[in-house]
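**Q** The structure follows.
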């Protein structure tokens with residue numbers, strides 16, 4: 001691909017240029033990132049070590065937590081460091097890596113949420129065939145397809161970014177590199193690229209969201225014929241999933257279906273989508289799922305007993 005770039009680095013303006021508020025941003029992002037790592041790593045370790053968390057639902061929860069951790073790590077550490085600097089610059093290649101990694105793990109999370117919805121439907125509505133339909137082999141294949149699909153999606157995004165000529169200026173009014181703010185730095189017409197962006201990212205977000213909400217409406221409607229115990233079990237796992245879907249897809253759809261129009265809240269929405277949801281997801285899942293909470297208690301009980309013996 002022929003590149004026509006005079007820009008070797010970009011200047012990120014971040015959330016604020018005020019030194020006082022930059023310190024506040026540093027503290028908030030650092031706490032959110034540490035909380036994200038702690039919460040998701042607890043889920044990852046619990047699923048891997050607990051025999052009670054070996055069914056397909058927790059297999060997908062494991063990869064959802066891994067995806068949350070990687071998505072946050074691809075963006076948040078850089079924003080934490082930038083909050084301490086007077087002038088924040090990012091090289092062109094690092095910017096492209098950030099675009100690629102954020103879209104890989106963001107898209108992977110979308111696919112995992114879809115797989116989790118399918119898993120919940122089969123578990124509640126077809127319990128006798130659950131282990132046959134959602135077998136370990138099927139879970140592995142579905143996850144491999146999700147990874148491949150995420151990488152293909154991200155390669156398309158990188159192709160779109162690299163097809164644009166950047167001649168300057170190189171100041172990006174954003175917290176991190178993404179296609180929407182990058183489009184504004186291109187020194188050529190970006191209408192076609194913008195349409196491709198919307199048809200790629202926007203369509204994936206919007207269609208997946210509609211499918212998930214529609215599937216849960218059907219799923220919850222089918223529960224009326226089940227016993228109170230089955231309904232309680234379904235709601236205990238599905239409510240948390242629905243909350244995560246709404247929190248994740250709302251900002252995602254907003255960012256990638258607004259045709260490069262900048263609103264004052266754009267940066268805040270992007271931060272919530274990449275940082276906030278990764279922090280909230282483990283909190284929501286552990287608060288609403290008794291099996292995960294029980295496994296975590298046992299894990300920490302064993303740790304405390306081991307420490308006491310020493």
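Cβ coordinates are placed from backbone N, Cα and C, and glycine is handled just like the others.
Computed from a predicted structure; not experimentally measured.
Features from Swiss-Prot:
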type: TOPO_DOM; residues: 1-23; note: topological domain 'Extracellular'
type: CARBOHYD; residues: 6; note: N-linked glycosylation site
type: TRANSMEM; residues: 24-47; note: transmembrane segment
type: TOPO_DOM; residues: 48-55; note: topological domain 'Cytoplasmic'
type: TRANSMEM; residues: 56-77; note: transmembrane segment
type: TOPO_DOM; residues: 78-98; note: topological domain 'Extracellular'
type: DISULFID; residues: 95-187; note: disulfide bond
type: TRANSMEM; residues: 99-118; note: transmembrane segment
type: TOPO_DOM; residues: 119-137; note: topological domain 'Cytoplasmic'
type: TRANSMEM; residues: 138-156; note: transmembrane segment
type: TOPO_DOM; residues: 157-193; note: topological domain 'Extracellular'
type: TRANSMEM; residues: 194-217; note: transmembrane segment
type: TOPO_DOM; residues: 218-233; note: topological domain 'Cytoplasmic'
type: TRANSMEM; residues: 234-256; note: transmembrane segment
type: TOPO_DOM; residues: 257-267; note: topological domain 'Extracellular'
type: TRANSMEM; residues: 268-287; note: transmembrane segment
type: TOPO_DOM; residues: 288-310; note: topological domain 'Cytoplasmic'
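Each of these features: where is it, how hidden is it, and who are its neighbours?
**A** Mean predicted confidence for the topological domain 'Extracellular' (1-23): the pLDDT average there is 79.
A sphere of 10 angstroms centred on the C-beta of residue 6 (N-linked glycosylation site) encloses 10 other C-beta atoms.
Residues 14-16, 53, 58-59, 61-62, 65-66, 68-69, 72, 76-77, 79-80, 83-84, 275-276, 278-279, 281-283, 285-286, 292, 295-296, 299 of the same chain sit 6 or more residues outside the transmembrane segment (24-47) yet have a Cβ under 8 Å from a Cβ within it.
Taking Cβ pairs closer than 8 Å, the topological domain 'Cytoplasmic' (48-55) reaches residues 62, 291-292, 294-295, 298-299 in its own chain, all 6 or more past its ends.
When the topological domain 'Extracellular' (78-98) is classified with DSSP, helix, strand and coil residues number 12 helix, 3 strand, 6 coil.
Around residue 187 (disulfide bond), a 10 Å sphere centred on its CB holds 15 further CB atoms from the protein chains shown. Annotation note: residue 187 (disulfide bond) sits in a coil segment as assigned by DSSP.
Through the fold, the topological domain 'Cytoplasmic' (119-137) approaches residues 56-57, 59-60, 215, 219, 222-223, 226, 230, 233-234, 237-238, 241 of its own chain, all at least 6 residues removed from its boundaries and within a Cβ separation under 8 Å.
Non-local neighbours of the transmembrane segment (268-287) in the same chain are 15, 29, 32-33, 35-36, 39-40, 42-43, 61, 64-65, 68-69, 71-72, 75-76, 79, 102, 106, 174-176, 178, 240, 243-244, 247-248, 251-252, 254-255, 293, 296; each lies 6+ residues outside the stretch with a CB under 8 Å from one of its CB atoms.
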**Q** Cβ under 8 Å to the topological domain 'Extracellular' (157-193), counting only same-chain residues 6 or more beyond its ends: which ones?
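**A** Hits for the topological domain 'Extracellular' (157-193): 1, 3-7, 9-15, 75, 78-79, 82, 90, 92, 94-96, 98-100, 102-103, 200-201, 255-256, 260, 262, 266-267, 270-271, 274.
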**Q** If you run the three-state DSSP split on residue 6 (N-linked glycosylation site), which class comes out?
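**A** DSSP assigns residue 6 (N-linked glycosylation site) to coil.
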**Q** I'd like the per-state residue tally for the topological domain 'Cytoplasmic' (218-233) from DSSP, helix first, then strand, then coil.
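**A** Its residues fall into 14 helix, 0 strand, 2 coil.
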**Q** When secondary structure is assigned with DSSP, how many helix, strand and coil residues does the topological domain 'Cytoplasmic' (48-55) contain?
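**A** When I sort the residues of the topological domain 'Cytoplasmic' (48-55) into the three classes, I find 5 helix, 0 strand, 3 coil.
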